[in-house]
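Shown next, in structure tokens, is the structure this report addresses.
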């Protein structure tokens, strides 16, 4: 529910209105409508906001330090720097722009083969190709597989492909069958320095971030490559040969030939990678001389070498709110300070302004003075106990035009007259929703039309509001009769229209407006403090005047003010969650869930004055006790509510400091909310650093200046303040350009939000797409208040259609400069959950705006931010805030404790063992803030950050730094999913590290498998059948244990295809969720060993809840016994919160026990996905067998059967296990004896518990126990089986394994023609790790001499011999009269090259004859040619001798080698007359012959239907017979030939349906899906459509029939192997 941690967390959609407004009904209901303000008109067909949206007294209030995180690298410094104040010197870094600057290592280094460590400091830009290669080891030889080697980079981990990008490390040794990729534990953070390290020791891959181990894998084993292929390996930096290029800075780079330990990596990181040369250190780079070691790729560029200034601060000031929070005031440390320090809750005076509207004569006010005065008294009384007092200002406005109109609080005016009754718009003065809420009679409208009278029975949208007469001020009183939402005279206004008319400054007062709701149910609406509008004219509180200042209703305003000051409803955690799986559900009072107050018990929404009873919407709560029903933030009546809790009071004071300082007369600056932190010490000094003030300001605020936008370094950061687009605006205003102004406020990136601009907002859904046609597409123009020379641009693109990959959505960004020049930045790769950042350091001139272009009509843009270079002229005159350090005992007078722009202080006046308290005061002008919380430091003792864990001070870890995100927080608390060991702490992300530790046995499926309690046995499904079987979602995927990587998802829109690889769901259901008829889906799983069930366990991947619905899905479960009897286990609610679902089986003890063999599961939602079903039974205990034991028998748990009772336990037989060593506890195998079985090298344990349950154990040994004369486990050591060698193990080879493929066996290989064996040993050996040995010979692909090309001469002499390397060329030249096909008619190329390809064959090359154009059509049928129209062909027309005798020459022409004729034909003398009028025309053709019918005359031919085209078809073929693959010739005219025949013959001409003008628009149109229309421009095949996903139009078009991929040239119909390669 948060935005990104490095930028302002604002913009929670209200749980009440879904659009940023909190509301309070009149004890009846909450209004669910999203209310968005309209914008001024901007001319026809455009959508813009050309007026400023209101002045802010402060910038969008960032959390303290969040501004800084945008600009400042978070770096660990050298330990030596801890005692000094001087910043570290700048170091060099390479900047890669992502446009072909990848480097390759040119130094003659022997790259590590067996183990290595790679370390790099980098800062990545937001938005990358996926994958983006930071560095990688590749194989350049043609005779090896290209996916071998290792890569470090960034890629997306989500099925959707444009979200959740993470750092990754992938490796595939030359012996491995597949690549292993491990990912970091979270998305990468753009613009932040990070230290990455990757290690491999021949057994384990590990990835480290900032010294913390975040991922590991044991899949790859052994060496990386053999010495034989050393020369094939190339080390790349900044990208790959396939242009998977990285964008960002790379600073230090080092490569070791050993796997460094975590402690060594932490040490390397702190020394910034600078080492004295060591034998195991192969390469360390600080970019002093890049060209000496690295070279750019062919036709590539070199990255820029820059100086990077590491920030001098050691304290990470990036504080995150909890998952359910929004701003700094939700951070648990910050709000704890406000709870604990009374000084932070000192008296505050807040100004508020009541907007009271009168008529023009200053009469008939909206509310009376008595109401205003009484409400003010009640307000003052309610807040007086909490040190908040209110200063009233009343603004009287005389305007009859406003006073006589109805002001609507919660009605979207665009819904009036939309043929659907909207209760919130059902009011007398809206004509009862424009007639939509009335059953209308049909009056004689035509008789009353334009009769000069407003006829109320015709005053509805259906009758155009009486033809407009009811909105004519010359005819009627429009304040009572005008209901037309499009009329400027209408009798009602939306409350935001009122705000736009008044345009009251929201930065100095809390504005109180009055508006009505339909049926007067809505009592109030408030603006959250994190909304964009909070300090603008569109903010404030809207109240119902009928309740304002009325006894019994005065607490409504107090409730709404609570919302404005950051308070949620006390029932948020129960009644305002999206589902019972919502992470914000409150089960106990907490700072992190529900209403974020830990002194309000969970409660559901109700209006009674007492604890509520349980209800249907309480997620299993059986009762609520000690609920805060008397709280102002409940829905109880005024005679019940009377207080705020201390936590709520702290939140209100925090928001008054964070956001609303400008509402207060006091000029006191905001405090530093947290205690200063000790970041270093020496024997005689201590170093302190502290957080910025809570409001994020660094300079004194001055009216009319930009100082409130300036950060440390005098860098100006501003969001767009004016937006426009040529795209039309929707009437609701949602997705309008205005939504892209201000700071980002989308609550959930990657989900569509009305708080963004989208080009599709007002597109008519009935129009044919696309809305954004190529090549330009749609664009959004954003302007910034202050033109500046930019350093960087940040854009939040929060939604991209699944039809587009990350690179196609934003096809250009243009910078608009003051000089009038537009600078194009080109297409950009975007992620929907990571903002796009673009460096603009080279622009060098002032920019005032940007234009963002897109081809994706569903794209959504949330915000844009422009950052200046250092020392911006706009910030140079700003006065920095000062900080005063208060110490107890006090500092000496001569010690400077007053600092500015430096949040660091060194105290050298210390005594060993003395206790010191430090507080920070912020100074602005003559005003001082309240002191910060105190830091208590005992000189000579420990502190958080010294590497020693002081448990008595609450420390859980200490990694010797003050940085978050590395497993140990800056407050020395262990971070979620990390475990820290040793001192100083070494932290690792434990979930998925391959080690099953005691604390994660019950929680980590990845490391420990599915947890089974002691005494039980879980049996997973061995077979399955399903109701909706399909090859896309087969039922067999639920067999066995569920995939460890799957996470349960709730509130989904649809299920991606990737889910069907791990879980079953009814994927054949294609109709929309809302139109789904009642359907029962079922899954039945079978188990190989029938058992007495103790429980059924069901693992979910989705819980069936739909994104737009609150309904919880239920599931019905039955057990089937061995007699096919059904046993009902009841109905159960599905929830990801309770995953897996464990259903206990209760047996009726009055009935016999039964063995269960199957489980039947049924449900009704197509959004339920199940990944596994288990049957839990008692281990070594079977009640059914036990009950069958006869007299003299006893139940044996080992045998699980009845055995004859014996008083003396029997010994076990001698344990014999081949290929194993045994270590037994005794020489005698009596009852209870144990033996440890360890397999020899190359053998693996096989454990057999009974005939059906068999599994392999990877572990090296196992212990077996003698129980009642029988070993409890049957164990064998089987040889490792390497399987048939993979075809990539030796490229271009075939394998023969006559000895088998188990441990120690050998296979031979032979090179496939034309590959040549390079080396002598063509054998492979199966090794103990289950992989084949490195080959000691290779099959080098060579081409034989190229075959002769007809009609061409070989020009390259060496090509007449054999043995040509892959990639070599041979040159040919076509013989005279022949040319290369495809060359232009004007310049026919004769020379061409063929290349030796990777499969050992040559590229095809051909020479085709030169051809001449056909002679003019009037000679058709009269000439004979010796060889058609090809070179050297002779064509002649026989004329009578009289032609030659009269000197006209012979009628013979020759085709010359340049493609022209040697002459031209003439009409013979005897060829006289004219053609007869054309007949045999098809009925749908028409002919125009303006020149008559003489020889050579032409007649234009066309179709009567303008949507058809005229074509030629063969004889006896009609239009109905045309197959889709036929491309008939178009014909536009016929000509009368010299033989007095029409050509083409009119009878062969037909009319066929023409092509619709939507080819190449990314939608497959059935009418165009034929060769005649170029198969709709490629839109009907996945391989040819630009979006790589076929979208039929209309949606009902069958993808297997009319909208199928028919293009024979598409890859789908090409049998050639088209596999790509991994590793970028």
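Using N, Cα and C of the backbone, Cβ positions are placed for all residues, glycine too.
Residues or ranges marked as signal peptide in Swiss-Prot (evidence: sequence analysis): 1-22. Residues or ranges marked as region 'Disordered' by Swiss-Prot: 28-93. Annotated compositional bias 'Low complexity' per Swiss-Prot: 42-51, in sequence order. Residues or ranges marked as region 'Metalloprotease' by Swiss-Prot: 272-583. Positions annotated as Zn(2+) binding site by Swiss-Prot, on the basis of sequence analysis: 559, 563, 569. Sequence annotations record features per position, and here Swiss-Prot assigns active site to 560. Annotation comment: Swiss-Prot describes 1280-1341 as domain 'Sushi 2'. As annotated by Swiss-Prot, domain 'Sushi 3' applies to 1342-1409. According to Swiss-Prot, the domain 'Sushi 5' annotation covers 1473-1553, on the basis of sequence analysis.
Classification of residue 560 (active site) by DSSP places it within a helix.
The average pLDDT for the domain 'Sushi 2' (1280-1341) in the predicted structure is 92. Cβ neighbour count for residue 569 (Zn(2+) binding site): 26 (other Cβ atoms within 10 Å of its Cβ, all protein chains included).
Cα to Cα, residue 569 (Zn(2+) binding site) and residue 560 (active site) are separated by 10 Å.
Within 10 Å of the C-beta atom of residue 559 (Zn(2+) binding site) sit 25 other C-beta atoms, taking all shown protein chains into account. The candidate set comprises the recorded positions 560, 563. Of these, 560 has the most other Cβ atoms within 10 Å. Using DSSP to sort the residues of the domain 'Sushi 2' (1280-1341) gives these counts of helix, strand and coil: 0 helix, 23 strand, 39 coil. Sorting the domain 'Sushi 5' (1473-1553) by DSSP state (H, G, I as helix; E, B as strand; all else coil) yields 6 helix, 30 strand, 45 coil.
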